[in-house]
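Engineer: One structure is given below, represented as structure tokens, and several questions about it will come after.
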């Protein structure tokens, strides 16, 4: 989930947050991540974090209630998970963020390893940090491996499998893009967990390797690009499960092309693409917080985004039309 701001006042835009949450739920996502790297959590006050989360949680509850009680589904629908970014540098502040996130409606905490004093932290200290947060935290923990955002701290499969022993550490998001590591954790986690605390969910961290992850047993993907093309991302998983490998591969190729622009231009690029994918009504949502500026209307970056995402935009529109026609 991006963070939505009103262009003039630079206040949180709660209606836009709710609108986008409903849009993602309608597209069939299994859960939502609030205050991840695309969510500009580092630009929000604690109060704003709470308000954004509450807006998402309210929308999820309303959507679930509506679909659950209007006879659309014969099988019970799982409630979408709400994973909240709760990363801080000390155990104490991380625990505070977890407490506040739970009060605001989150179901899980997404937590980066502390990297500010990286040179003074060895693997033991990082493992100790996660264990304390899991022992005392208000929410089950999803480990967030994203070296770029953690000052270069990169958790290897040995460390991740040590963490997977803890019943309240319930998954990992691998934005490192290392599918070899992903395969090792998928294979090793059930053995070290021995049935404690349910499954350990192993998720890729970007839409350009959804299929590659599924092939070695990933449980899914958490991706900023899915804010733009949620249906295409969901579809890759459906095609794979139906054994339609060739179609899944073709769709993955298009998504990988589009995602490359989202990776290169980061959250500013994802925001700039919101009106392209979701209509001019989202124009105001394309604004990041200073010191970041929105991409120039006539600039090279926006032209590249239009070109690189054209293929997946067409697919997304087609999938939305098919869903509406059902």
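The backbone N, Cα and C atoms fix where each Cβ goes, glycine too.
Bear in mind that TrEMBL entries carry predicted annotations, made automatically and left uncurated.
What you are looking at is a predicted structure, and each value in this text was computed from that prediction instead of being measured.
Per TrEMBL, the feature active site, proton donor/acceptor maps to 144. Per TrEMBL, the feature active site, schiff-base intermediate with substrate maps to 173. Taken from TrEMBL, the feature pyruvate binding site covers 222.
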Engineer: Compile a sequence-ordered list of residues in the same chain as residue 144 (active site, proton donor/acceptor), six or more apart from it, whose Cβ lies below 8 A from its Cβ; state 'none' when nothing qualifies.
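Structural biologist: In sequence order, the residues whose Cβ lies under 8 Å from that of residue 144 (active site, proton donor/acceptor) (at least 6 apart) are 36, 85, 87, 110, 111, 112, 113, 172, 173, 175.
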Engineer: Going along the chain, which residues six or more apart from residue 222 (pyruvate binding site) have their CB under 8 A from its CB?
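Structural biologist: Residues satisfying the criterion: 33, 36, 83, 110, 173, 203, 204, 205.
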Engineer: Quick check: in three-state DSSP terms, what is residue 144 (active site, proton donor/acceptor)?
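Structural biologist: Looking at the DSSP assignment, residue 144 (active site, proton donor/acceptor) belongs to a strand.
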Engineer: Would you count the other C-beta atoms found within 10 angstroms of the C-beta of residue 173 (active site, schiff-base intermediate with substrate) for me?
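Structural biologist: So the number of other Cβ atoms within 10 Å of residue 173 (active site, schiff-base intermediate with substrate) is 27.
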